[in-house]
Amino acid sequence: MASKPGLLTDWPWKQLGSFKYMILAPWVVHSMYSFAVKGEKDLLNFLVLPFLLSRMLHNQLWITISRHRTAKGNNRIVDKSIEFEQVDRESNWDDQILLTGLLFYIFNMIITGASHLALWRTDGVVITILLHTGPVEFLYYWLHRALHHHYLYSRYHSHHHSSIVTEPISSVIHPFAEHIAYFLLFAIPMLTTVFTGTASVAVLFGYITYIDLMNNMGHCNFELIPKRLFSIIPPLKYMMYTPSFHSLHHTQFRTNYSLFMPIYDYIYGTMDKSTDELYETSLKRKEESPNVVHLTHLTTPESIYHLRIGFASLASRPHISEWYLWLLWPVTFWSMIMTCVYGRTFIVERNTFKTLKLQSWALPRYNIQYFFQWQREAINGLIEEAILQAEGKGIKVLSLGLLNQGEELNRNGELYIQRNPQLKIKVVDGSSLAVAVVLNSIPKGTTQVLLRGNLSKIAYSIAFALCQRGIQVATLYESEYEKLKLTTKSETNLVLSRSYAQKIWLVGDELMEEEQLKASKGTLFIPFSQFPPKKMRNDCVYHYTPAMSTPMSFENLHCCENWLPRRAMSAWRVAGIVHALEGWNVHECGNTMLDIEKVWLASLKHGFQPLIYDSKFIKDLA
């Protein structure tokens, strides 16, 4: 939002929320009916909807590519971080696409020359190029300078400049009134071709596609225009800007005003003196080498959209199933095939914290694949390959994260250490901190808990720690009781329960739905697994999976980790960061457990805090 919002700041359909797309419904239905039933073969009118969808896809591809490239670091221009506030502010990037659709439908109906157009006309292309190069670029330059006058800047343009570090969609984040001014400007070539009878479908759609392409490129925050291009065609430097050129406008504010052609900045003396230097520096910048890598994997087929490189608005919220993602099932299915057949580990996120550079890498495998025996060798191969890749880059710590690193798959990560005993990188499964988070999530004064779920390394450690503290641990099944008795070596604090009356349940992966239904009203479910249980009860409280909130100094955090809330991070991921900050020179995998209290205090020392789901309820429960 601008610092002093002016007239017509908000879009007219802001209050409609996600239902804003319905404003196009009557026009779409009418165009389809006219084309299919009435036989009115107006190609432009019929293709408006497919064109709008193609623009959304075009923008999304730029978002994905930009976020992937800036996470890798090569050719990155600006290093500053993006936060949730910017993602929220830029979530309405599709509003201008809706406006384009409305204007196309309206002008097609009211202007005779805007309907029944030819597919291509060369004279219309020439006119459009000339009018854009001349009047449009010239007028935009002076409009842009006017928007930087303190009166207009504070009321309108400051909204756009709130994004110091730009993403492709930052290009279209403006107040409604500002967009009207831009649409009037870009209408000059289009209306001219319409009124001169030289318009065509290719001219109109092609011109807007050109604007989208240049806008996205100019805000992508990585340099991609090769220097050789300007060497071959020297005048091109005056006719085409680069991402680094426009990035300087967002960091310096009073330079590089041009739309897509820097010639007017050269003419009027507003070219930033560091433009060429930043361009060359960005081109030479190599891929970033982090200190810590968090290795994770995809969960459900639609989880690809919730990654940072997926849909920005979905990634910025906890992972929940959205009905409209079912409409994308062809794309989802295609992405599953591609990741399974050709997929390799890819970078999805970068962060900085204190002296550390951090990255998250994703394995192109889904949660369900971990349950197939025939998939395990391939999965272990991918994990080992990622570890060796990190070793080759000189990375200090790799946390295994959401990889179900259980006994059956890889012996809690020990398999990789045994295969590669020479590893300098420290492999961390995060079990110690996960145990510490669960223990500190139990309300004070608790005397008995029910332990239910797959008996993993974490479950055994929790049971042992609770028995040592004098808290009674109950189990429902004799087989689990016998296994735990061997580990806890406690005759008094480990009991076989015949009831479901316990108010605190520590639950893992194999918690059954019917067991939840037998729990007492008001039961607090605290997961010790990486995946949360399916919520079956509205009269109970479900705690988050083991996680901690991050310090505000943790930078570039603008997406949620799976189902966790904003600025929360799984214990497994935090463990790798703390391991590196403390300089612990040991692996934490296999049966190895670090000192739980030591790990917990270290995480608090570095600013990580426990997540509280419902502090009032938990206090009353205690």
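Even glycines carry a Cβ here, placed using N, Cα and C.
Annotation comment: TrEMBL describes 21-37 (among others) as transmembrane segment. Same-chain residues lying 6+ beyond the ends of the transmembrane segment (21-37) with a Cβ under 8 Å from its Cβ atoms: 13, 45-46, 48-49, 52, 98, 101-102, 105.
Residues of the same chain lying 6 or more positions beyond the ends of the transmembrane segment (43-63) and with a Cβ under 8 Å from any Cβ of it are 24, 27-28, 31-32, 34-35, 93-94, 97-98, 100-101, 104-105, 108, 114-117, 119, 167-169, 201, 204-205, 208-209, 212-213, 216-217, 220, 309, 311-312. The transmembrane segment annotation in TrEMBL covers 43-63 (among others).
According to TrEMBL, the transmembrane segment annotation covers 97-119 (among others).
Sequence-distant neighbours of the transmembrane segment (125-143) (same chain, 6+ residues past either end, Cβ-Cβ under 8 Å): 181-182, 185-186, 188-190, 192-193, 196, 198, 200, 202-203, 206-207, 239, 257-261, 263-265, 268. Under the heading transmembrane segment, TrEMBL lists 125-143 (among others).
Look at TrEMBL and you will find 135-270 tagged as domain 'Fatty acid hydroxylase'.
As annotated by TrEMBL, transmembrane segment applies to 180-208 (among others).
Remote same-chain residues near the transmembrane segment (323-347) are listed as 68, 71-72, 295, 298, 301-302, 304-305, 359-366, 369, 382, 385-386, 389 (criterion: CB distance under 8 Å, separation of at least six residues from the stretch ends). The feature transmembrane segment is assigned by TrEMBL to 323-347 (among others).
Taken from TrEMBL, the feature domain 'Very-long-chain aldehyde decarbonylase CER1-like C-terminal' covers 449-610.
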DSSP residue counts for the domain 'Fatty acid hydroxylase' (135-270), split into helix, strand and coil: 94 helix, 2 strand, 40 coil
Long-range neighbours of the transmembrane segment (180-208), counting only residues six or more past its ends (CB under 8 A): 8, 43-44, 47, 51, 55, 99-100, 103-104, 107, 111, 113-114, 117-121, 123-125, 127-128, 131-132, 135-136, 139-140, 143, 174
Positions on the same chain near the transmembrane segment (97-119), where near means CB under 8 A and six or more residues out: 13, 20-21, 23-24, 27, 31, 41-45, 48-49, 52, 55-56, 59, 179, 183, 194-195, 197, 199-202, 204, 208
